[in-house]
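Structure, as structure tokens:
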Amino acid sequence: MASSSVPKGTPNFPEYQTEEGRLKIFGFWVFLAAEVVLFSTLFATYLVLADRTAGGPTGKDLFEVKDFMIETMLLLTSSFTCGLATLEMRKGNKKGVFIWMITTLLLGAGFLGMEISEFVAYVNEGATLQTSAFLSGFFVLVGTHGLHVTVGIIWISLVLIQVAQRGLTPTTCRKLFIGGLYWHFLDVVWIFIFTAVYLTGLI
Amino acid sequence: MDLFNFKMPEQFIIMNNPLIIGAWISIILASVGIVFFVTKYKKWGYLWREWFTTVDHKKIGVMYILAALLMLFRGGFDAILMRTQLALPDMKVLDAQHYNEIFTTHGTIMILFMAMPFIIGLMNVGVPLQIGARDVAFPVLNAVSFWLFFVGAMVFNLSFVIGGSPDAGWTNYVPLSGSELTPGVGINYYLWGLQIAGIGTLATGINFFVTILKMRAPGMTLLRMPMFTWSTLVTSVIIIFAFPVLTITLALLTFDRLFGAHFFTIDAGGMPMMWANLFWIWGHPEVYIVILPAFGIFSDVISTFARKRLFGYHAMVISMVAISGLSFVVWVHHFFTMGNGPWINSIFSITTMLIAVPTGVKVFNWLFTMYKGRIETPAPMLWSLAFIPNFLIGGVTGVMLASAPADYQYHNSYFLVSHFHYVLIGGTVFGCMAGLYYWWPKIFDFKLNERISKWAFWIFIVGFNVCFLPMYLVGLQGMPRRIYTYKAEMGWTMWNFVQTIGAYLMGIGFILIVWAIIYSIRHEKRDRSGDPWHGRTLEWAIPSPPPHYNFSRMPSRITSADPYWDAKKRGESMFDENEPLKPIHMPNNDGMPIVMSGFMFIAGFGFVFEWLLIAFIGLLGVIGTMVWRSFKDYDADHYVQVEEIERDQAELQASLEGRS
Ligand code: HEM
Ligand SMILES: [Cu+2]
């Protein structure tokens, strides 16, 4: 299993140094492919149900441009800082990793907080999961993304603890890198939510 | 949504029927018996160390297959009950409700908890050995897959005795399966049993995809892989693209039932047809997930026992890839009658018929492989030979069903029931049997007894056709599926009676197979040399059973798709014996998978009964175990030292000499 020779063409980065690291990163890409299918199914469902408001509120009634623009900015910026953290990791700069990753997580938490208060506001206006097919689709699609962000925040925090304990080893670097891939993926999914749910919902 | 709501279903402990009381008694006796004997012989430690925490793909494969055989028994028992009820008009073995429950659990168990784990078990046993790997890419994840499947199966089976079984068919169509028409826990069992097992399957798909792409021995190019490995690769891709759809579909109905959402409801804008679409977008690929690996097994078995290279290797690969693509664009053929309009129906009719083309190519390739071969017919080959005509019947009737206008007649009749049993039994089950017989003397150091196995085979094959051929006829006479009884005036009595005889014959066949296993464990000749069938592929080049690290040296002379056969012809070994032995890097056993899955059981149980507090405690446990595992990820492996490898080799040598 452990072959010390690194295959030709492998990037010379810490996360790729071990056989295990290479396998797990590749496996994670495949997992992300499955996640794409998962979200595609949710998007398809949402789009089919989007007009079925059953006399309840529509997207136009609910969505606040300012709020979802801020949410989008928070998440996009967090993707950028996450990329900076990966760069610092490759330079072997533990402090840089912490600065940028914690910034990333804070931005993520800000996003999450806004999303939660958005959901609470809708529920207070009487727009709940039970109101209409449109809202069922909305809450489950956007909520699944939000759940993923929550998982990402907890997971990356745990990885950061491991980095604090053990430093930037090939194993912790692999974990950081995979956490980063996951984070970027969530950002991409959000772009689609932004377009297919919020922007489209305004028209 | 109240955390502290512990509402009780109408009946918690089901006791209203002698059959179920019988099940209770046997469950309790079996559990007490197992606990007693394991404790008496002090085997808990052994079980924990060697099986419950194992990450060895061979042992995981064995556990999958054992569980699959158990589930085959449970599903088969359901089938026998249904056939007994239908043997004659107006029988009173099962009432309507009980019949509904039984055909639902039968279908669900046979596909999700029998066919899937059997196939995945064989993949676990076969694939790493065929490609020259020492384990799968993610051994711990592999154990997680198994235990999640196991817990899913347990949750599902619990429904029989606690709370009540699902009763809306394995297709679980809404609105019937919605909370208005079917309140109670039965459908929740379906949703959570499948959800938990399905996540495990998705992980298996990822695992084998990476294993096959990244862990092949030097020289094993993609186009030198054995056909079973190829079929596993293609199947893994289908799993990766199909199973997330199932995850979501089940989750959406869970939201409808538990939290009052409106995805599939009739009111508030929900769309019942969306269930049919989503279910079959997963469901049709699913039937190919269970058939393609069987195709792979038949290819390997047929070329082994025809003593010939597989005919049309490239065509075999291309047709499998074509089938995998087509399998995603035919799903509407399951509901031609549900108002899709002529255009949609026509398109899906054509895509469905197209599948017959690559399938036909494969059939001809198997036939040409045998042409002018020196054919031998031990049990694995018998099952493969029987597959070809039986599967053909299933495939041809499939093409008949694919014609949308004609399907208005066939749909939901016994004609359809016969179609899918001919492909699922004649294809998947025969394939599982062929694979089990073929690799048995690789997993263990003996074959299964030929004489008993031949009896089992013939009784099963005859029984199968006696049971299912007449179904086409009663189907054409208009007998619908999923009815619990019929009147004598319908004129279906004779064929139904014949079918029941066939079903009992299949039952006898199954018992004989189990007997062959028990008999062989006690009496069959032991042989560790590892090549009982004069095999062609890599797995036969190592001893039986293989050491836990599979290969003491990596194979070094893979020059074709039949590397071992060619090496034998050249008079060479697959391994360079001059190469010094090196320590081997292996993963440690791990308790996380079983503990985490145990918490998953608690979570599943909580969700089924909508006791959210219990469900969340279970989920917290799942997360907790994963976090704990992540922190001890740093000493998860060890090296097998050269002395141990040498000791193993000496032991093998002694056993081989003792034999001759
Ligand atoms: C030549 C290839 C095949 C064709 C053209 C075909 C066609 C069809 C069609 C049109 C139906 C729907 C009929 C109806 O509901 O009225 C159907 C049902 C079904 N087929 Fe096939 N099929 C093929 C192969 C297979 C294979 C290989 C399997 C599984 C191993 C399979 C399993 C099933 C099952 C389980 C159902 C019915 C499910 C249900 O309604 O409960 N088929 N097939
Ligand atoms: Cu189909």
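In case you wondered, yes, glycine gets a Cβ from its N, Cα and C as well.
Database features, via TrEMBL:
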- B:42-558: domain 'Cytochrome oxidase subunit I profile' (DOMAIN)
- B:20-39: transmembrane segment (TRANSMEM)
- B:60-82: transmembrane segment (TRANSMEM)
- B:102-125: transmembrane segment (TRANSMEM)
- B:137-162: transmembrane segment (TRANSMEM)
- B:233-255: transmembrane segment (TRANSMEM)
- B:275-298: transmembrane segment (TRANSMEM)
- B:310-331: transmembrane segment (TRANSMEM)
- B:343-368: transmembrane segment (TRANSMEM)
- B:422-440: transmembrane segment (TRANSMEM)
- B:452-474: transmembrane segment (TRANSMEM)
- B:494-518: transmembrane segment (TRANSMEM)
- B:599-628: transmembrane segment (TRANSMEM)
### Task
Would you kindly list the residues that approach the transmembrane segment (B:422-440) from elsewhere in its chain, counting only those six or more residues past its ends and only Cβ-Cβ distances under 8 Å?
65, 68, 110-111, 115, 118-119, 122, 125-126, 228, 287, 290-291, 293-295, 297-298, 300-301, 304, 378-381, 383-384, 386-387, 390-391, 393-395, 397-398, 446-448, 453, 457, 464, 468, 513, 533, 539
#### Entry: Cβ pairs under 8 Å between the transmembrane segment (B:494-518) and the transmembrane segment (B:599-628), at least three
no
### Query
the domain 'Cytochrome oxidase subunit I profile' (B:42-558): mean pLDDT?
95
### Message
Are the transmembrane segment (B:233-255) and the transmembrane segment (B:137-162) close enough to be called in contact, which here means at least 3 C-beta pairs under 8 A that are separated by 6 or more residues?
### Response
no
### Query
Taking residues 6+ outside the transmembrane segment (B:599-628), which of them lie with a CB under 8 Å of any CB in it?
1-7, 9, 148, 151-152, 154-155, 158-159, 163, 185, 188-189, 192-193, 195-196, 254, 258, 592
